[in-house]
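Database features, via TrEMBL:
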BINDING   Gly397, Ala398, Thr399, Gly400, Ser401, Gly402, Lys403, Ser404  ATP binding site
COMPBIAS  52-63  compositional bias 'Polar residues'
COMPBIAS  66-80  compositional bias 'Basic and acidic residues'
COMPBIAS  162-175  compositional bias 'Polar residues'
COMPBIAS  177-193  compositional bias 'Basic and acidic residues'
DOMAIN    380-572  domain 'FtsK'
REGION    46-100  region 'Disordered'
REGION    144-195  region 'Disordered'
Amino acid sequence: MKWKDLRSQWNRLFNDETTEEVWKSPHEQYNNVSKSLETRVAYQYPKRKLPTSPTRQTRYSKQVTKKSETVENSSVEKRQPFKPSDIPSPVHGFRNRRKETEKLIPLTNIVKDEKIKPIQEKETFRVSNEHPFIDENVTETKSLEKAEVRPQPPIQDETEEITSINSNDTVTSQDFESERNTVTENNRNRETKNYPLNVVMTPRDKHLLRRKELMKQNEKRESEQAEKTGVVYKEIEQQPQRKTAESIPLFLLEDQPSTDPQHSSWMQEQTEILQQTFDHFRINAKVIDAKQGPTVTRFEIQPAPGVKVSKIKSLTDDIKLNLAAKDIRMEAPIPGKHAIGIEIPNERQEPVFLHKLIQSNDYKSSVSPLTVALGADIEGKPVVTDLMKMPHGLIAGATGSGKSVCINTMLISLLYKASHEDVKFLMIDPKMVELAPYNGIPHLVSPVITDVKAATFALKWAVQEMESRYEAFVEEEVRDINRFNEKMIKQGRLDKKMPYMVIIIDELADLMMSAPQDVEDAICRIAQKARACGMHLLIATQRPSVDVITGLIKANVPTRIAFSVSSQVDSRTILDTNGAEKLLGKGDMLFVENGSRHMSRIQGAFVSDQEIERVTSHVRKIAEPNYILEPEQWVKQLETDEEIDDLYEEAVDFVIDHNGASVSLLQRRFRIGYNRAARLIDAMESEGIISGQNGSKPREVLISQR
């Protein structure tokens, strides 16, 4: 680079006043390229008297100018005087917005006044009343199209009716202005809502509009769903009303007979005798209260501070001797009280009838279909419980103590509370007479089962039913039968609704003698898992021994009802404590509810055979029984259990080929045990394939081929 070129570059960079040509390299000059790239760099260097901003030469830029429209096709509207608006605008304030230049219709497209006026009115004033922003001063067709939410269809029909315009027909600008004024006047005369002109739709307003649209869609879906469910409920209402449990009249049960109250003089005498007994034995205690029930009277004793409870309990025989009572029971102390209870039998025992219990407020106010009435407590109040809370019960006691009457009371109270669509019964009665009156009622799953083998298969079927119900719960994603039924009702699938099931076993000892392992396994599985699926067990036995009421059954059946037993051992087997050996019989029971350690003494309700017959005959008229398990199925189940072994056919072929049969031969050939091989030999002998026993020799084969 030469010194001259360097100097020119230096002047170009630091001297703004001098403008020279852009330096070109020799290569560019040689090629003589027509296009050149002009570059100019302004670098502010710290000098004295340096201008604050360097002077730059403005570059030439092509300005695109729009062709101004002709005066004939457009007109600028004059500004109107200031008019304050109702609501200030964030952009324009109180001033109205400046109107755009309105595009006029070309002269060639203008028709006569009498033909164009109705068309313009139809086109320009077709505004949706639903739109929230309406400008009453707008006269332009373009602005109306922007304001409308729904697009307007093209006016093809009107344009077709317009006749062709002669080229000689002309319209002056004054005529057009007068025509435009008439249009604006008609627009002002239209009845429209006054909305402010300067309201701007914010994002919040848009969100509200979208929310309203979503709400409308949801309402539409709900209305469609309601129409579908309404059809279902309408069909249900149109069906003939079925008789429910409330239709069973109460007069079928016997009323409580009016009896004379216990004499207060007798209670006073017993109180004095008790007080004298404590004084004789120098025990500082006094009788503070006495409460009389239908069977016994409880005297409440309050010992003085420092007196041991065991000292009073040791006087049981002495108190019994002084009072001349049949038997007494001492509760020391009474739960929730600072007293000891001594229960003494009444002079006259009053029966408790089921009619009184069903009329009680506790029974009527209970909503559960599994409400059960038991009897009256020591104060005479009705005792009502729920099988859902139990959820399984064990009833035990000696013969004639009231077990079967208790089961009948519970069944009749269930018939009064629940319909046959809500509760089903599976009854097992090895005695063959206790539950026979209930045959034919619509609540039964099958006829009352009296055969011991069939009872075993019935319990196995109950286990399968429990498993199938849990599978249905998993499919519907629910936890128990209540939520399942509620979901089915909401969805209108009433045919899928599950009823509760109560399994009643009147005598467990007979079942345990026939097939102890199968019965115990089935009872334990049902007791462990069946509560959530609506299946409940009521087991009764008159032999409360360890081989009948095993440890597994006791562990899984929490609710116990103990009637009079003969020994303390039987009482411990049932209740795990003493007390049942001192009961009086005839419905006198000790009731231990699930989750409670306290034993309540209850006089069970009495139901006669005539009452049971009247109620069951009335229930049979309500509906026909719909058995899930027919007796024929029980026979088939028994036959399938007694089917021949899977190896039978192969064993027969082997015996025929070998021309001899013995138990040891089958054991060696098929690698099976002695019992199974012996059963195969017995089966072949019963069918005549082989001969009978011939000492130690093998059995002869009687056939050559099958």
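Cβ coordinates are placed from backbone N, Cα and C, and glycine is handled just like the others.
Locations of recorded TrEMBL features on the structure.
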residue: Gly397; record: ATP binding site; Cβ neighbours (10 Å): 28
residue: Ala398; record: ATP binding site; Cβ neighbours (10 Å): 20
residue: Thr399; record: ATP binding site; Cβ neighbours (10 Å): 11
residue: Gly400; record: ATP binding site; Cβ neighbours (10 Å): 13
residue: Ser401; record: ATP binding site; Cβ neighbours (10 Å): 26
residue: Gly402; record: ATP binding site; Cβ neighbours (10 Å): 25
residue: Lys403; record: ATP binding site; Cβ neighbours (10 Å): 24
residue: Ser404; record: ATP binding site; Cβ neighbours (10 Å): 21
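According to its DSSP assignment, Ser404 (ATP binding site) is helical. Residues belonging to the domain 'FtsK' (380-572) score a mean pLDDT of 90 in the model. Annotation note: Gly397 (ATP binding site) sits in a coil segment as assigned by DSSP.
In sequence order, Gln542, Phe563, Ser564, Gly585 are the same-chain residues whose CB sits within 8 A of the CB centroid of Gly397, Ala398, Thr399, Gly400, Ser401, Gly402, Lys403, Ser404, the residues recorded for ATP being left out.
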